[in-house]
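Visitor: Dumping the structure here so I can ask a few things about it.
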Ligand code: HEM
């Protein structure tokens, strides 16, 4: 897809879309954004994220998404800036990504959980440098922990669109970050000022993939997060993204059957019955079920997942442990009771996650395709 850089052409394009699409008025094809001339650039200079007067999230913020200025955003302090590409490409890089992400989300809302997980798995191994995207016989992508990660092809499509607009300018690492931020908003989370300026990594080794596993205790998982400078509270907040997406039986099946390593006698009996049908002990299946068993969940980000944990309806042992371990249970309770707190903390901690060990300036490079180091 070629993106117009000229305002007149944009308006003609929009006019044609409006005439040709009865859905246009309800925001299909990203028209909510398009009508404000999306491909032109609103700002010419990148800006540092600014902090607004702190308003305690716990004080009860309105849950509806608000303009950035209404929330106390904390810049990551990593050297990234908001609007890095404003003076680097004739087209508006972030709006192009937003446009394509909206289209994809309408077709397949599971792209939201897919990219949330991909972002986490990328950032916790060599930082947010898109090293997870690299193809090859023993790259990160091939590591056991990454085998069911999804969304690679979509990122590659975004990259191709941006390469045709401004070749060699936009990093794959930034594409993941901006696309994930757009998806969080589409999934009902807060819109936050995404920082950009990441470079792509030059290294990707399966052997370096040391991610937390779903059978860990809270202490064990917290130690992995602490090594990346995340507090226990921030870990509990990030695990709230298990509000969306799926898990395969092999990650939790042991909790269902007496005599197995992780058998959990406290799991809600009705959930046990239901999960046993999805994941019979024999024959072993590769079935999946939602990570969040809240029946109203539908690829939507909200805090009901924590309520599920408090009701002993967590799927992964590590998630369930959060509500049982005294070190984390009060955090779970607080998040379960305050949707606004969940919204603001997830967005704030996501800014921090997306800045883990980033490469900037002369470090790393810009790939031509995300699957290959140039
Ligand atoms: C202790 C840390 C974590 C562990 C042990 C863990 C483990 C897992 C496991 C086992 C799955 C199921 C994968 C599958 O069956 O294909 C999963 C899915 C998922 N995880 Fe995590 N995770 C952790 C942290 C996170 C964090 C920090 C995020 C977000 C920032 C996240 C987001 C997701 C999402 C959205 C899915 C669903 C993916 C999909 O639908 O394809 N996880 N996680």
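Even glycines carry a Cβ here, placed using N, Cα and C.
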Visitor: Need one residue: from 140, 144, the one TrEMBL lists with 122, 125, 127, 129, 131 for Ca(2+) 1.
Guide: 140
Visitor: Among the residue ranges 16-39, 40-63, I'd like the one that TrEMBL describes as region 'Disordered'.
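Guide: Comparing 16-39, 40-63 with TrEMBL, region 'Disordered' matches 40-63.
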Visitor: Taking the Cβ of residue 128 (disulfide bond) as centre, how many other Cβ atoms lie within 10 Å?
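Guide: Taking all protein chains shown, residue 128 (disulfide bond) has 28 Cβ neighbours within 10 Å.
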Visitor: Hey, of the disulfide-bonded residues listed (172, 249, 370), which one tops the CB count within 10 A?
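Guide: When each Cβ's neighbours within 10 Å are tallied, 172 tops the list.
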Visitor: Could you work out which of the binding-site residues (122, 129, 140, 294) has its C-beta surrounded by the smallest number of other C-beta atoms within 10 A?
Guide: 294
Visitor: Identify which of the following recorded positions, namely 117, 128, 129, 212, place a Cβ less than 6 Å away from any atom of ligand 1, and list them by sequence position.
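Guide: Cβ < 6 Å from ligand 1, in sequence order: 117, 212.
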